[in-house]
Amino acid sequence: MISEKNWAKELAKSLINLNQLAEKSIVPASDLQDLQKVKDTFDIRVPNLFIDDIVKGNNALAKQFIPSKNEIIFLPEELEDPIGDSRWSPVEGIVHRYPDRVLFKPTYLCGVYCRFCFRRNKVSDSANNIKSDNAKIAIDYIKSHKEIWEVILTGGDPLVLTDKILQKLLEEISSIEHVKILRFHTRIPSVLPSRVTDSLIQILKNTNKSIWIAVHMNSSEEFTEEAKTALAKLIDNGIPVVLQSVLLKDINDTNIQLVSLLKSAIENRVKPYYIHYPDLAKGTEHFRIPLKRAIELIKGLRGQISGLCIPHLIIDIPGGNGKIAINTHTARESKKNTWEFESPLDGTKITVQYP
Ligand code: SF4
């Protein structure tokens, strides 16, 4: 049995400053001054589990987690709140964009700080975590809105909460009759698999709701033996796991890399659900590929690999205009790099600049 102490110790071993990265020759000392500007804006956390592979030159892991000077290049179309969470936030911690479901964000801390994160302006700062009075207001909001069928715990990463806090939170949500589904958005099974303890499983199983895990993984390299064990433990205990990925330049934007990721998921009983075109978060241009190429990449999978492996390509239309599955029918390039979408929320036509 893995104790809570073990995963906390493991988390404490992650690399969180530039000197640690320089000591392991992950970043050159000559870049430290520029990278300090990045670190001052967007925090660093590199999981202990990936350090050896990054030192050996694994690019898919390094590009996702090691800061780059490109992150302080901000484009005019990049936004602090790219998917418009604040537009749909009636009370702190809740985003109520679609009628039958809410996002609930109890923490902004994570087991890793991804360099492309769409909430990078918020994550890592514990001052952004919801305080207990406001958490109560958030729960009361869910209680008073009978149309809420699903609560999606996200953040940050809800599985970095301690067992005690998580248990209390889940007990509160479990007491709400009209909520039937509890979904966790998490990177934990991949970046901190030791967190998937017996006691965590028990806490999840103790709720009287249908629990789903949407695990965030972007490359087949993240399916380490430890991650496979953590995923199997969830699934063997009756907790279904789906995969959410981000389509990222140099990480999973070739047919070979993408097929390898998607097949790894199915081989581990994880169903690919969404692959997101990267949101327009600040300083993330170096992760985006042309949208036209993204559409072609996903289209090319059909017929090549089992339909079980194929996710929907998703865009969260900036400004809080909702998510759509992208294909040649739902996205139109009106002129070079200018794309038109129709909001699924109210049918509004939205124009967005993408490469
Ligand atoms: S784990 Fe998720 S919320 Fe945290 S930094 Fe990565 S993408 Fe952002």
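Numbers run from 1 along the shown chain.
Heads up, the Cβ atoms here are built off N, Cα and C, so glycines get one too.
What TrEMBL says about a protein is an automatic prediction, not a curated fact.
TrEMBL lists Cys110, Cys114, Cys117 with the feature [4Fe-4S] cluster binding site. TrEMBL lists 96-308 with the feature domain 'Radical SAM core'. Per TrEMBL, the feature N6-(pyridoxal phosphate)lysine maps to Lys323.
What TrEMBL annotates, mapped onto the structure for a quick look.
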residue: Cys110; record: [4Fe-4S] cluster binding site; Cβ neighbours (10 Å): 25
residue: Cys114; record: [4Fe-4S] cluster binding site; Cβ neighbours (10 Å): 23
residue: Cys117; record: [4Fe-4S] cluster binding site; Cβ neighbours (10 Å): 21
residue: Lys323; record: N6-(pyridoxal phosphate)lysine; Cβ neighbours (10 Å): 18
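Among the recorded positions Cys110, Cys114, Lys323, residues whose Cβ is positioned under 6 Å from ligand 1 are identified as Cys110, Cys114. Mean pLDDT, taken over the domain 'Radical SAM core' (96-308), works out to 97 on the 0 to 100 scale. Annotated [4Fe-4S] cluster site Cys110, Cys114, Cys117; additional same-chain residues within 8 Å of its Cβ mean position, judged by their own Cβ, are Val112, Tyr113, Arg115, Phe116, Arg119, Arg120, Val123, Arg187. The two recorded residues, Cys114 ([4Fe-4S] cluster binding site) and Lys323 (N6-(pyridoxal phosphate)lysine), have Cα atoms 21 Å apart. Straight-line distance linking the Cα atoms of Lys323 (N6-(pyridoxal phosphate)lysine) and Cys117 ([4Fe-4S] cluster binding site), rounded to a whole number, equals 17 Å.
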